[in-house]
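As written in TrEMBL, here are the features:
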- His563: active site, proton acceptor (ACT_SITE)
- 211-226: FAD binding site (BINDING)
- 212-247: domain 'FAD-dependent oxidoreductase 2 FAD-binding' (DOMAIN)
- 259-327: domain 'Glucose-methanol-choline oxidoreductase N-terminal' (DOMAIN)
- 331-391: domain 'Glucose-methanol-choline oxidoreductase N-terminal' (DOMAIN)
- 484-615: domain 'Glucose-methanol-choline oxidoreductase C-terminal' (DOMAIN)
Amino acid sequence: METLSCMCEVILPPLPLNSLDSNDHDKKMQESIDSFLVDSGSRYPIPNKIAHLLVKRGFLEAVLVVRLVLKLLSTRLGTLFVAGSLCLSHKWPFVNKFSEIPLQKREKIVQKWLRHSFLTPIRLGFVFIKTLCCLVFFSQVDQKSKNPAWKAIGYYVDINEEQPKEQKERPLQKGMVEIMNETDHTLASSLVHKGLDVTENLKENICKIKCDVVIVGSGCGGGVAAAILAKSGKKVVVLEKGNYFSLTDYSKLEGPSLDQLYESGGILPTLDGKVMIQAGSTVGGGSAINWSASLKTPQSVLREWAEDHQINLYKNEEYTSAMNQNERGTKKGQKCLGVISQVLNKGITKKLHIEAKVTISAGGSLLTPPLMISSGLKNPNIGKHLHLHPVLMAWGYFPENESNPNGKIFEGGILTSVHKSGSGQIDDNYILEVPALAPGSFAALCPWESGKDIKERMLKYSRTAHVFSLVKDYGSGEVKTAGRINYTFHKSDIENMKKGLKQALRVLIAAGASEVGTQRSDGQRFKCKGVSKEEIEEFLETVDAKDGPMSMVKDWNIYGSAHQMGSCRMGKTEKEGAVDENGESWEAEGLYVCDASVLPSAVGVNPMITIQSTAYCLAERIANNFR
């Protein structure tokens, strides 16, 4: 813990008063700014929370890498191995452990790790620690829901803001059993109270439920499928591992919201740390956390799916009008009879066996493949062809003055515009959007150059706007085990990302930013005041899209992803897809997939409407074909 605390001190160090240029800041805030400057990432209980998050959220390799780095740095020989001459001293024992090295030298050691390609495992370990340190430092709150850094960076949360009127009953309450509130003694009666056919096997400690349809997952796909099938008169049971939040239940705080609404608490990287993934993990799934970008499937994508992938569902007339089911294929080798679910409430020892005529997996592109594989399905397409809509961000700083608009970046609408660029062809295919970033996420995404630099960036937080470039990716990845995601870029994705990033910077410059930059590891930036068009273009020529922190390059990027698609894609044959064009498994009759994982390739725009429309069509087919 001592070494971790010293690492956190390097990331967010205490700085001398007046060590940063505060000309852009309100003099009335100087006391808060001074307090922020002298604060440290090593302050209790920040390192303890980081350690807890790492164990709770990190995948095995990440935990091992961080533990190895910390173990090396806790010894003299290990520190010499990874720090070189910077750990040497003129006094006995001549070699210092990391915790014994002065702060300025520790900072130089970390800067060395970030630049040198032969230290990529250590670099990756530091990236994990830095991400968690920044997230915890700027999102944790005290009992009054306050954070000591917020006033200095211009952030606030109005917890006393007028709330929606308390509802007598939450919208889904009549049909919901919240397992976390049940016990072994109350579970069966609560299920019966909701109208379910329940029998108990006390000898085997099993609670069996009979229904027409069981759906695993309640997101964009599962929610729509449940509505269509229930409307057709079928008894439907939906299983969701996340909790239920109605309008009045949501927290306004970043930390609890990430922890309770997002898969892995919003901390879900690919195995090489190249892409940070955000996915919903609550009742409503992605539709509950979506920024309300409701965009129709592009015509070029519908043509691709209908012609190249030969999926008749996406012929425009059928897709828009939800045509009747196609002719069923041959009988399957097996039949799916339901679901055996794991109860996450430790107070319940009973197993739930749900017996259904139709089973639908709607856990999303990250969780449907592991469920299918663990259920014994062997189709080689399951878990492959994962698309992520990778994004890179550009930022622009707009100091408060008469020529710039008033306000702060976290005020107003979540997402108010989408700019489509390109022809839809592989050589020019990206869109630009503006994200909403709370302080913890903002700091976690910032490149780290030095402790002084990261604090200076955060003092500009409330007036730093971001625009990101999102590409329709032709590269793909795989996910066969929950939380273990691999992903590889196609060369066209890198080119499209670069084009989009340059365009995002042009937008920010045209909007009046005094300084712009990217999230590249070297802190790439450009001061815009008084520069010529030629100088701007010269800067833009240096903008690129690099590989991740494990790549053998000096400068690197970390990408984001909020859309996951294609990991159980539909196919004309079982060689081409994990399920058929009705969403049914090739291997098990009565087992369907109804979520983003069935999409044949990346959509290229926010996919919520595409997922819901696809789920609508598939659910209508299931209902019409029910026996």
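Start at 1 and count along the chain as shown; that gives each residue its number.
Even glycines carry a Cβ here, placed using N, Cα and C.
Gly223 (FAD binding site) sits 17 Å from the residue listed as 'active site, proton acceptor', counting Cα to Cα. DSSP assigns Gly223 (FAD binding site) to a helix. Neighbour density at the Cβ, taken as the number of other Cβ atoms within 10 Å, is lowest among the binding-site residues Cys211, Val213, Ile215, Ala225 for Cys211.
All chains included, 32 other C-beta atoms sit within 10 angstroms of the C-beta of Gly219 (FAD binding site). Comparing Ile215 (FAD binding site) with the residue listed as 'active site, proton acceptor', their Cα atoms are 21 Å apart once rounded. The binding-site residues considered are Gly217, Gly223; of these, Gly223 has the fewest other C-beta atoms within 10 angstroms of its C-beta.
Across the residues of the domain 'Glucose-methanol-choline oxidoreductase N-terminal' (259-327), the predicted structure has a mean pLDDT of 85. Spacing of Ala225 (FAD binding site) relative to the residue listed as 'active site, proton acceptor' is 20 Å (Cα to Cα, whole number).
The two recorded residues, Gly221 (FAD binding site) and His563 (active site, proton acceptor), show a Cα separation of 13 Å.
Counting only residues at least six positions away in the same chain, the Cβ atoms of His387, Leu388, His389, Ala596, Val603, Asn606, Pro607 sit under 8 Å from the Cβ of His563 (active site, proton acceptor). Within the domain 'Glucose-methanol-choline oxidoreductase C-terminal' (484-615), the DSSP-based counts of helix, strand and coil residues read 39 helix, 25 strand, 68 coil. Packing around Gly221 (FAD binding site) is summarised by its Cβ count: 34 other Cβ atoms lie within 10 angstroms of its Cβ, all protein chains included.
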